[in-house]
Every structure is written in structure tokens, then in C-alpha cells.
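This report concerns only the one structure given below.
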Amino acid sequence: MSLTEQTSDSAPLFSSDSEADGPDERSRPATEPEAPASGVSAMRARLTVFILCYINLLNYMDRFTVAGVLPEIENFFGIDDGKSGLLQTVFICSYMFLAPCFGYLGDRYNRKYLMSVGICFWSVVTLASSYTPKEHFWALLLTRGLVGVGEASYSTIAPTIIADLYVKEKRTNMLSLFYFAIPVGSGLGYIVGSQVSSAVKNWHWALRVTPGLGGVAVLLLLFVVQEPKRGAVEARAEEQLHRTGWLTDLRALLRNRSFVLSTFGFTAVAFVTGSLALWAPTFLFRAAVFTGEKAPCSEAHCSSSDSLIFGIITCVTGVLGVASGVQVSRLLRTKTARADPLVCASGLLLSAPFLYLAIVFAQSSTIATYVFIFFGETFLSMNWAIVADILLYVVVPTRRSTAEALQIVISHLLGDAGSPYLIGVVSDSMRRTDSFLWQFRSLQLSLLLCSFVAVVGGAFFLATALFIEEDRNRAENYAPTDDGPIVVPKSGRSTRVPVSSVLI
């Protein structure tokens, strides 16, 4: 076996545009224009980012469509808050446990094909979930759990493609655009879900909007997106970096203090956003029912105005939060290399009091509640693009998909995988009667937990700032040891062992 065969197991799946199939730079004629380092033209790179943003928006739109019609789902199936919270929890758990699998595959095989398969499966399962009969709530739980396959295949891989197309300020800008899709897609999920349900008087149709758009996404991935060369734009192609084993990657990531601490900080963001995403529209609706501003749910339909308003606020605050976070970080970078984690910490710490006030004022002033939600969500959204950028510059290119997957597992396992269910269980346990007063009051008290978690998350980002410079320099100057395998005779046949094992 020759030395060049050692990476043959990492060749992309049936790809003609992969990083492994690029032409040999040294064999090109001198008169031929120099191709981009990533192997992708500037126009194709921009189209790729646009398509990835579209799919990211679609994923979050689908995820929060259920939240937009949650009162109707509770009324349809006759379930309590604990079971309602499971709808988000089973999805996040599926997504969380599958993320490492796609992270492992994303570091080794063609990424656009992996995403295409996942999104196709997600679209089919989402459509199937819309036909759940009234007697089979478990079927809705099962299909919502399977939806996590699509998002796991996408969320772990898409940021690494952007990282292989751009560097430095351009990468930050493109990631900002990519993460704009999270709050905008979430807001559209509330809006589309509630308005489609209101228009046809049937919440099932709210789940039938995104599958068709998912089919369009698969076609765009297959025929427009081109796989870039890993690490080439950083003048360190993956062949130079040497891909290491999965356990070696995990050990290296767990020793990376900036990665670990920022992941725990992002876990707090996931906990708060997961809780608010599922329960905020329902909480606002119960507050309006308690104060007499709205009537309770009828047999077939609930008022959708709270989901509509909350969706609009989520869209606007998401755009403002991501844009302001990136801009503040860019300005602070001229003064300190610790700007990114400091901005993330500030966002969480500032969001905590506004979220607390929004929850407390819900029973007395609807306008004040929406104002506090606006500021709380704006500060909370400052983290999205910056956290992704931190991961990409403190981790070497050949470990980024694995790092994305590990961050997804930790942040969701301790964050939004359990927070919607936890909020629902706490609400049920504190409810003394089934009156409108206690339906509102119990959920109000349980949501106060979000403010406390936001403060804890801010502390983790402050700790990240202590190590960010050292870990970034280590990643940028990473040089693997020259420990390539050589052929050594063994019992009449050759075997491959590391050089260090022979030289001891």
C-alpha cells in the first residue's frame, strides 16, 4: 500500500465537484488564470451562501410552526403543558443525538449530498406529521422527533462550508447573513403557522407549508451548490493538516477551553430561546384570557394574534440583534482581541432583566410586555453569529464539523432539549386548579427560570474571554506532528504503523 492511499477512505461520496478531485496546481499552464483557493468561483460562493441561508430559514420556520399553533394542538389532543413541551423536546433530542453522526460524516465525505438526503427525509416526515389523527398524539411525537434528522444533517455541516469559502471579515459577514435566518425563520414559523391555521380553521395545514419548500432546497443543493476544498482558503489544505481519528478530535476539542466555555455559554442561550420559542405565544394568550382581553379557545380554533405579534417581534429583533452584535464586535476588535466573548456575555446579561420584566408585566400591561420582550430578544440574538465565528477560529478546519456536532449535542442536551418540557412540568406542578388564573400564573412562575439561566450563560462567556487569544493563536498556528505511517513487514505481509512507534 502506498503512502498516497492513506486518505482514500475520506474521498467524497460520488462527487465530481469535491475538494478531493481538484486539479493539481503544479500542472496548470502559466497562462491559465489562478482559480480561487476554495475551488469555487466568487459567484458560485455567493449563491451557495444564499442557498444555505434559505435552508436555514426554512428549518427554523418549520421548527416553530408548532409553537405558533400550540394552543390549538393542546385543545385538539386534550393534553397538558408537560406533554406539549415534549413536542419540542423529542425533536431536539433526535437532532442532538444524530448531530455527532453527521458531524463525523461531514468531516470526511461530500457535504452537499449529506445535507440533501437529510432535508429530503425531513420534508417527507414533516408532511406525514400533518395527518396525525386525534387519537394518536404519540404519532405526532414520533414524526416530530424524526424531523430532527434533517436539521442534524444541515446545522452541523452548513457553517463549515461557509468557513471553507471565506476568511476573516468576509467569513464573519457571511455567517451573520446565515444566522439572520434563525430569528427570521423562527418568526415566520409563528406567523405562517398561526395565519394558515386561522385561514383554514385547521392547524394541520400549518405543517404542510414547509415540505414543498424543502423539495426546492434539495434541488438547489444538488444543482447549484459546489463543494469547496476544506481549509484551502486559509492556505492550509486538509491534506497538509492531516485528518486525525474521531476520538483524537474529541480529546483535542475537550482540551480547547474557549470551545468548551463558549459551548456552555451557548447552552444557556439555547435553554432560554427554547423555552421562550415554545411557550411565549401560549403564555401571552393565557395572559390575555386571564385579563379578559380574549376569549378562551373554541372547539376548533384559538386566537392567533399573539403568535402573529410574537413572530413579527422575533423577526425584527433577530435581525437587529445579529446585526448589532456583529457590528459591536467588529468595533471592539480594534481595541481588544477578546471582543467576541465579551459581546456575547453582555448580550445575555442585558437580556435577563428585560425578560424578567416581560414575564412580570404580562398581567398588567400587554404593551409593556411586548416592549420588554423586544429588548430582551434583541440582546439575546446578539450571540448567534458571534458564537459560530468563535468556534470556527479556535478549531482547525478538519475538526470543525465534529466541533459543530459536539456543540450541538452539549447545548441541546443541557439547553433546549429539556427546557420546554421542564417549563411545562414545573407549570403543571405549580397549578393548583384548572382555572384561567392558575393556567396563567403557573406558566408565568416557571418561565422566570429563563432570566436566571441567562445570567449563568453570561458568566460562561466572561470566562471564555480569559482564554480566547491563546486558543485562537494555537488553532491558527496548528502544525501536526510528522508522524506519517510507514510500511513494516509483519509475518510475511506488510502492515502500517506510525513512525514514532518504530523509532522508539
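Glycine is treated like the rest: Cβ placed from N, Cα and C.
As recorded in TrEMBL, the features of this protein are as follows:
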REGION    1-37  region 'Disordered'
COMPBIAS  1-17  compositional bias 'Polar residues'
TRANSMEM  47-66  transmembrane segment
DOMAIN    48-472  domain 'Major facilitator superfamily (MFS) profile'
TRANSMEM  86-106  transmembrane segment
TRANSMEM  113-131  transmembrane segment
TRANSMEM  137-162  transmembrane segment
TRANSMEM  174-193  transmembrane segment
TRANSMEM  205-225  transmembrane segment
TRANSMEM  259-280  transmembrane segment
TRANSMEM  308-329  transmembrane segment
TRANSMEM  341-361  transmembrane segment
TRANSMEM  367-396  transmembrane segment
TRANSMEM  408-426  transmembrane segment
TRANSMEM  446-468  transmembrane segment
Within-chain partners of the transmembrane segment (137-162) [C-beta distance under 8 Å, separation at least 6 from its ends]
48-49, 52, 55-56, 59, 62-63, 66, 73, 77, 79, 83, 86-87, 90-96, 98-99, 101-103, 106, 111-112, 114-115, 117-119, 121-123, 125-126, 128-129, 171, 174-175, 178, 214, 225, 227-228, 230, 388, 391-392, 397, 400-401, 404-405, 408
Surrounding residues of the transmembrane segment (341-361) on its own chain - C-beta under 8 Å, 6+ positions past either end
258, 262, 265, 268-269, 272, 276, 283, 321, 325, 328-329, 332, 368-370, 372-373, 375-383, 386-387, 390, 444, 447-448, 450-452, 454-455, 457-459, 461-462, 464-465, 468
To the transmembrane segment (113-131), which of 47-66, 308-329, 408-426 is linked by the most Cβ pairs under 8 Å?
47-66
Does the transmembrane segment (408-426) reach the transmembrane segment (308-329) with at least 3 CB pairs under 8 A, where each pair is 6 or more residues apart?
no
Would you kindly list the residues that approach the transmembrane segment (86-106) from elsewhere in its chain, counting only those six or more residues past its ends and only Cβ-Cβ distances under 8 Å?
63, 66-67, 70, 73, 114, 118, 140-142, 144-149, 151-153, 155-157, 160, 246, 274, 277-278, 401-406, 408-409, 412-413, 416-418, 420-421, 424
On the 0 to 100 scale, where does the mean pLDDT of the domain 'Major facilitator superfamily (MFS) profile' (48-472) fall?
84
Who are the long-range neighbours of the transmembrane segment (446-468) in its own chain, taking Cβ under 8 Å and residues 6 or more past its ends?
257-258, 261-262, 264-269, 271-272, 275-276, 279, 283, 337-338, 340-342, 344-349, 351-353, 355-356, 359, 380, 390, 394, 422-424, 426-427, 430
Leading contact stretch, 47-66, 174-193, 259-280, 308-329 vs the transmembrane segment (367-396) - CB distance under 8 Å:
308-329
Kindly say whether the transmembrane segment (308-329) and the transmembrane segment (47-66) touch, using the definition of 3 or more Cβ pairs under 8 Å where each pair is 6 or more positions apart.
no
